[in-house]
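Asker: Below is a structure I'd like to ask you about.
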Protein chains: 2
Amino acid sequence: MHAAAFIQDLAVIMLVAGMVTILFHRMKQPVVLGYILAGLILGPHTPPFSLVHDNHTIEILAELGIVFLMFSLGLEFSLRKLRAVGATAVVAASVEIIVMVWLGYEIGSHFGWKPMDSIFLGAMLAISSTTIIVKALDELNMKHERFAQMIFGVLIVEDILGIGIIALLSGIAATGHVSTMDAAITISNLTLFMVVALVLGIIFVPKLLEYVASFKRDEMLLITILGLCFGFCLLVMKLDYSIALGAFMIGAIMAESRRIRAIERLIMPIRDMFSAIFFVAIGLMLDPAIIIEHAKPVMVVIVAIIFGKIFACTLGTMAAGNDGRTSLRVGMGLSQIGEFSFIIASLGLTLGVTSSFLYPIAVAASVITTLTTPYLIKAADPLSNKLARNLPGKISQFFRLYRNWLDSNSHAPDSDGAILAGIYRKLLLQVFVNLCMVSALCLGAVWLANDYLVSRPSPMRDIMWQQALIWGTSLLLAAPFLIAAFRKLQSLGLLLADHSTQGMTGSDCSRVQRFIAKTVNVLAIVSMTLLVLTLSHKIMPALDVRVVALLIIAGLVSLLWRWFVMLHYRMQITLIETLTQDKEEH
Amino acid sequence: MHAAAFIQDLAVIMLVAGMVTILFHRMKQPVVLGYILAGLILGPHTPPFSLVHDNHTIEILAELGIVFLMFSLGLEFSLRKLRAVGATAVVAASVEIIVMVWLGYEIGSHFGWKPMDSIFLGAMLAISSTTIIVKALDELNMKHERFAQMIFGVLIVEDILGIGIIALLSGIAATGHVSTMDAAITISNLTLFMVVALVLGIIFVPKLLEYVASFKRDEMLLITILGLCFGFCLLVMKLDYSIALGAFMIGAIMAESRRIRAIERLIMPIRDMFSAIFFVAIGLMLDPAIIIEHAKPVMVVIVAIIFGKIFACTLGTMAAGNDGRTSLRVGMGLSQIGEFSFIIASLGLTLGVTSSFLYPIAVAASVITTLTTPYLIKAADPLSNKLARNLPGKISQFFRLYRNWLDSNSHAPDSDGAILAGIYRKLLLQVFVNLCMVSALCLGAVWLANDYLVSRPSPMRDIMWQQALIWGTSLLLAAPFLIAAFRKLQSLGLLLADHSTQGMTGSDCSRVQRFIAKTVNVLAIVSMTLLVLTLSHKIMPALDVRVVALLIIAGLVSLLWRWFVMLHYRMQITLIETLTQDKEEH
């Protein structure tokens, strides 16, 4: 009768959560706080008694809450949006995260915590809470003001950087220390994985969803969405990344589907149910005694969040060229922590590298800063007026000069140059994406030959030939992307040649042009060969085998050249079509 | 890292379920079969290997699947619909269930199974599958034909009777044997509970949902719905009824809410997710070896389901006055088993009273009869034509006479009589509902005084006075319902007096009228007093205390009489308004 105990737990959780939501809504407080309070009441650390029995299953459901929270965060994200938010968001988010991670680390060190705790504290303070901000702006009726749009932009960039932080933290936790080399490898692996997964995902997933949606059966669409979501999470977990990353990425991929409205409609109730359990579970784990014991760090952390974020975000927004009033409003809107901090805290606990007091501190800080958020947003305007009046002349003059300089800069490039820069950027991006695909194929082949097949019985006795086969196949599969990258580099060379000889005339000009174009071609071939060799050298067959294999591949490639170009072209078309198509309205 | 194992299980389940849904949809087979097959593939009983690790958690989620399946079955049910489906549905469903339970029991006995297995087999065969039928009729494009509407009516009545069967089975499993007395007590307890819960639920729940929905926040509405659903399930479990009953009843209560469309929209994705897990879990538990071992009973059960249901439902539909062709179509549409059978089978396993082979037999029978359903529906028309041609003259003459007799009967009552019968029925229903409330109050008081308070420390030393207080309070609370019941019986008496002296005139008439009315009044008071005394005699105080208590109550009642009448009137108005209001369209 274990299921009965579980149903009882769920009943108690949902009943109390339901009552508390209504209460908190009446008191105009965020519902999230209500959930945490409900968990605290039900939890084992507060009287009268523990009302929840099957903690284990509740924790598993809370884990599902993380999956669905991150998944719907991904659904709201989109590559198009990312491009639209522009420089302000990137600068502000980067400044904020750097300042806050540093601040958190310093606070931890000051209190004599072990380095891993300090690092995790820094990460927890870095990212603001989308849930809380949306709620606060909604209630203040400010969602459509300009500073609110900028805040949403910052939040989107924060989500991406937060995903990076989660991956980095997993890496740091695994090696036990921070090294630049490890971080670089982690980040480049992560980038490679994200590019490949996004490209393949955006090519195939929206097509599949479109196909399933055409049956017009909500149940099938939902089960397919869930299958893709959990399947991708599984893949990500097998690659030793966190499940939060996987859920966010597959959400971002599905965000490019034409059926995004239908997907959101189906996923929203499930997300609400599990995220309620997630927040209640946070309250369940909360031991007030620990918070009282660590009252001093909690206070310091709260002060650091409020003033650190106001300072960092205001500065970052200003640095991107916005006026002081807007910048202050952005800064004061972002000064709190929330669900991302809980996810990072629970990551630390799951990996077993952080102390148990970190979680309650994060929760306490989140609760307090959530409560202050609406007041801070409201206080931004009066404060900026006051500041403007009392600012020393020199400082305000500096800001005026800075803005003038930025303005003059942003208007500087003529439109021809801007178009050219756009073409360069596009070509380089395409080369980068294609080389990512090549790299992934090479690394995949190495993993297949060295880690996977070695451990299984194989009909092919000779490991040598097996490796050669895998190596050859991976090269053959990589060929379309190598060809595409080469062709883009060729275009780049021609463009470069044309561009850099703009002043010249006559035969001199065409000679220089030819020379530049050739050099770029040779450089492209050499560097691409080097890339493939470096990545796949572990499974490269002996010289004689290699020659045979290369000859076969060369023959096949020359035979299939046109087909490869067509295939690649069609994949590219699909990708671009998916990214630019209109979404279905609901 | 237990959560990781669980996420992996869920990923595998959802991924395979997603693929199989698409496949089965392409093959035009019900998705439910696909889920079961997916479970079978993933399960421990089939090669290559078991892909699911955390069976325990999956089973708990499957239990949630039952809750949400029954809840949404309840949402689709409504008291108004029940009244509309009329006599055909009631007669056909009753005949079907009686025949099938008997048939199942006989089959079990024939194979020498223990009585409890045979009883559960009977119950499993009794109820057809809404899911499968809706799917089949949908695909055959016959959903709006008359026989399909009749099938839906039968399914609604089956749901109710099925709920009764589940409650009865729980009772039988607890006592270990079937006795008429026990069954009568179980059924009357169940009826009492259902009437009281429905009345109170319909008075309060839609009002609460309306209030929460007025905030226009889907999340709050969802959490409130889930809180009510699980909270009610918890209450039902505490009363030793099954969770399936609770989920169905709270669904039926919420079906009376004006916001039923919004509720369905929010609950549907959650139901689809968990019911997919539920059906996959059925496949997981399925051991093909057991089915092969019990091949003979499986065959017999399948034959019994198909021919038994066709026979019983056709007969029942005909007995309610429908023509042979429609009846045959109804019968052939209902000849399968599905989710209800699985719920009953898992009830038997949970209670630990049935053998483990019962579940696989039910699943195998369901799979086969699901596959035959669309063919049977399509075969109904040709078969009825063939039967009509080949039927011996005597039998067809009998049917003609029977229909003529039914027709003459149904036109017999003049419209005055019909109106009068309607008024009588309504008054009796009101008396019944009010007396149910009184009974519930008395039984609740007995439970409070005898079972609950006795086991706790109490500030009142004297158990005597405590009991007297509870007894008095319960009587006071019962007073509005007693008053209402008495007033309805008074009206009934006057009506009866008027009706039975229709032929008479003069003083004789009015004397007889007064006599009848008085007799009814006296009978009402005596029987209501007896009811209260019988139900609460266990906590009735000693004579002296009783007299004092009764005097106080009498004083309070006479003081509050008008207020009591008003209160009861307002509750009744709320109830009727809720039942007759228009639902919000979406």
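Here the Cβ of each residue, glycine as well, is placed from N, Cα and C on the backbone.
According to TrEMBL, the record shows the following:
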type: DOMAIN; residues: A:14-377; note: domain 'Cation/H+ exchanger transmembrane'
type: TRANSMEM; residues: A:6-24; note: transmembrane segment
type: TRANSMEM; residues: A:31-52; note: transmembrane segment
type: TRANSMEM; residues: A:58-77; note: transmembrane segment
type: TRANSMEM; residues: A:84-107; note: transmembrane segment
type: TRANSMEM; residues: A:150-173; note: transmembrane segment
type: TRANSMEM; residues: A:185-208; note: transmembrane segment
type: TRANSMEM; residues: A:220-237; note: transmembrane segment
type: TRANSMEM; residues: A:273-292; note: transmembrane segment
type: TRANSMEM; residues: A:298-320; note: transmembrane segment
type: TRANSMEM; residues: A:427-448; note: transmembrane segment
type: TRANSMEM; residues: A:468-486; note: transmembrane segment
type: TRANSMEM; residues: A:545-565; note: transmembrane segment
Asker: If you count Cβ pairs under 8 Å, which stretch among A:6-24, A:84-107, A:185-208, A:298-320, A:468-486 touches the transmembrane segment (A:150-173) the most?
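Answerer: Highest pair count goes to A:84-107.
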Asker: Please give the sequence-distant neighbours of the transmembrane segment (A:84-107): residues at least 6 beyond its ends with Cβ less than 8 Å from one of its Cβ atoms.
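Answerer: Residues 118-119, 121-128, 150, 152-154, 156-158, 161, 165, 297, 300-301, 304-305, 308-309, 311-313, 315-317, 319-322, 330, 334 contact the transmembrane segment (A:84-107) from elsewhere in the chain.
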Asker: Test the contact criterion for the transmembrane segment (A:427-448) and the transmembrane segment (A:298-320): 3 or more CB pairs under 8 Å, pairs 6 or more apart in sequence, then answer yes or no.
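Answerer: Counting Cβ pairs under 8 Å, fewer than 3, so no.
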Asker: Excluding the flanking five residues on each side, which residues at least 6 beyond the ends of the transmembrane segment (A:468-486) place their CB within less than 8 Å of a CB in that stretch?
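Answerer: For the transmembrane segment (A:468-486), the far contacts come to 430-431, 434-435, 437-438, 441-442, 444-445, 448-449, 453, 460, 521, 524-525, 528, 532, 536, 539-541, 545-546, 549, 552-553, 556-557, 560-561, 564-565, 567-568, 572.
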